[in-house]
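Participant: Below are the structure tokens for one structure; questions will follow.
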Amino acid sequence: MAYHILVHLLLAASILTPTFGRLCTCPSQLRGNAYDYIIVGAGTAGNVIAARLAESGHNDILVLEAGVSNEGVLAAQVPFLAPTLTPSMPNLPSICYDAHASGSDTPYDWNYTVVPQTHLNGRTFPFGRGRMLGGSSSVNYLAHQYGSSEDYDRLARITGDSGWAWRNMRRYIDRHEKFVPPVDGHDTTGQYIPSLHSTRGILPKSLPGFSHAIDSRVIATTQELSAEFPFNPDTGGGNVLGLGWTQSSIGGGTRSSSATTYLNSVINRRNVDVLLNAQVTKLVHTGKISGKPSFRGVQFASGPQAPTTNVFARKEVVVSAGSFGTAQILQLSGIGDHTELTSKSITTIVNNPSVGKNMSDHVLLSNNWLVRGTESLDNLLRDPVVFAAALDQWQASKTGPLANGLPNHLGFFRLPKNAPIFTTTPDPASGPTASHWELLVSNFWVNPSLPQPDTGNYLTLSVALISPTSRGTLKLASSNPFQAPLIDPNFLATDFDRYTMREAVRAIKRFTGANAWSDYIIGPVGDLAAQTDEGIDAYVRSFSTTVSHPVGTASMSPRNAAWGVVDPELRLKGAEGVRVVDASVWPFVPNAHTQGPVYLVAERAASIIRGY
């Protein structure tokens with residue numbers, strides 16, 4: 001098909017790296033081998049740190065990025081094409097996935113898979129992580145909120161640092177976000193609370209910029225079933241409970257990432273170098289300071305057969321390689337569990353068994369219903385002519401269905417107070433106004449585990465486990481830094497997690513039982529029709545996967561605690577010269593799609609480092 005050829009050429013061309021500012025593609029282009037700060041990873045958090053440390057002009061910054069540039073990557077600009085950037089949605093129709101065979105590796109992702117999941121029928125599946133400028137902020141599905149205020153208050157209690165409490169952290173919203181009108185210019189009255197947001201920050205975000213025919217049905221359901229599914233006028237201001245309009249990292253119909261915002265704000269400064277294709281292989285031990293091992297050196301290479309290069313930080317190394325990359329780099333550097341490191345023939349320099357442990361994530365289950373009429377967007381995903389017209393519209397005006405993310409509505413909900421599970425399991429939520437599970441509403445077929453049928457129109461209600469009690473691990477497969485680590489989220493290992501997913505499935509069936517859907521929904525697809533506990537549990541085990549929100553592998557803990565990887569100021573415990581700033585420092589997964597909480601953590605980290 002003509003569209004196949006067009007998109008293949010566009011995305012193939014996007015792999016070529018443009019030259020702008022101090023964007024370097026080989027070590028010989030660097031200004032030297034010593035900088036004030038070296039930032040490992042140009043991802044969500046790393047680019048915040050780079051921008052904030054560079055903006056004064058007093059610090060010399062090097063950012064090392066293992067992947068490619070985001071510049072010119074069409075799918076990293078068009079919001080609706082986000083699922084084509086990673087293998088996490090391997091069953092998209094070929095009309096969307098023409099840059100590479102459906103389900104195959106992509107040049108913009110680390111292409112990780114999880115180890116067989118014991119409680120998901122031994123299944124393994126992709127786990128998307130961005131490998132380009134912007135990291136996962138360049139490949140995620142763009143939902144942008146900060147979580148429950150109780151997440152931050154809980155973080156303050158765990159760490160013993162009141163600076164992480166919501167009353168302090170909310171001020172960083174003003175620096176971070178730039179709330180802009182949706183690209184379609186519709187009246188947003190009642191769809192968010194302006195006083196909770198900022199228009200002065202750096203990253204554009206907005207409400208949905210393309211109306212779906214089912215939007216009115218969703219709102220009608222919140223009115224009819226208000227006791228169970230209340231309307232939330234703003235899920236992005238610290239109060240998450242209820243269903244509301246999705247806020248996304250989109251401005252003017254185009255993705256906003258840490259690369260298009262934070263990094264772009266400083267990339268042309270003389271005090272910033274960014275090196276692409278620079279995969280960090282380890283932190284370099286540079287001796288001892290005050291009795292602690294110092295790691296002010298970083299070793300990197302462009303590939304397994306390429307020579308390694310060492311660079312050194314005069315002040316600090318900031319590791320922002322994400323929940324998987326950070327834990328892997330620390331262990332490769334001799335920082336981790338002594339027994340595990342020894343088994344991989346790695347000399348232990350800092351014995352810290354917490355490295356790579358305590359991983360938690362949001363489990364995802366997409367649920368599909370067959371519907372009447374043609375209100376869904378399924379034809380957009382099947383018909384090359386329709387899709388090409390939508391792409392033309394986006395390229396001409398940045399409007400239309402491709403200017404949107406996947407759900408126009410999402411919300412967070414709690415189990416009933418009298419749920420039987422609470423007789424055996426303490427409530428794991430961050431607090432009484434934090435959630436247990438999430439609902440996302442999409443006007444077309446969305447399912448990482450099942451391909452879109454050739455015919456029919458569909459409604460998708462995806463549920464996510466928000467307060468999991470299961471914990472997983474990130475371990476080295478070997479001492480080879482170019483071998484993917486062993487990722488074991490250990491999904492649904494606890495009674496609470498299995499119970500919550502079962503009850504979430506039952507809840508969304510009640511949601512679709514509202515009168516608003518009576519003339520629209522025909523029926524559930526496949527095993528979603530199960531009614532018994534055993535049947536629903538089997539369905540959940542067969543089709544659950546990940547939302548790709550891993551945290552906890554370098555958890556923050558009190559300064560003198562024997563557990564944890566970093567202290568409340570994000571300094572690596574037992575070492576000197578290193579901080580960790582990314583999702584890995586969250587000791588638990590927050591009530592949000594994690595880019596928002598990571599941005600706020602990074603903003604505070606930059607303030608701590610700069611001393612203001």
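Heads up, the Cβ atoms here are built off N, Cα and C, so glycines get one too.
Note: TrEMBL annotation is automatic and uncurated.
The signal peptide annotation in TrEMBL covers 1-21. According to TrEMBL, the feature domain 'Glucose-methanol-choline oxidoreductase N-terminal' maps to 35-363. Annotated FAD binding site per TrEMBL: V280, in sequence order. Here TrEMBL flags 468-602 as domain 'Glucose-methanol-choline oxidoreductase C-terminal'. What TrEMBL lists as active site, proton donor is H549. The active site, proton acceptor annotation in TrEMBL covers H593.
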Participant: Rounded to a whole angstrom, what is the C-alpha distance between the residue listed as 'active site, proton donor' and the residue listed as 'active site, proton acceptor'?
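Facilitator: Checking the Cα atoms of the residue listed as 'active site, proton donor' and the residue listed as 'active site, proton acceptor' gives a distance of 7 Å.
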Participant: Please report the number of other Cβ atoms within 10 Å of the Cβ of the residue listed as 'active site, proton acceptor'.
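Facilitator: The answer is 28.
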Participant: Given V280 (FAD binding site) and H593 (active site, proton acceptor), what distance in Å do their CA atoms have, once rounded to a whole number?
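Facilitator: Between the Cα atoms of V280 (FAD binding site) and H593 (active site, proton acceptor), the distance comes to 27 Å.
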Participant: When secondary structure is assigned with DSSP, how many helix, strand and coil residues does the domain 'Glucose-methanol-choline oxidoreductase C-terminal' (468-602) contain?
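Facilitator: Across the domain 'Glucose-methanol-choline oxidoreductase C-terminal' (468-602), the residues distribute as 46 helix, 22 strand, 67 coil.
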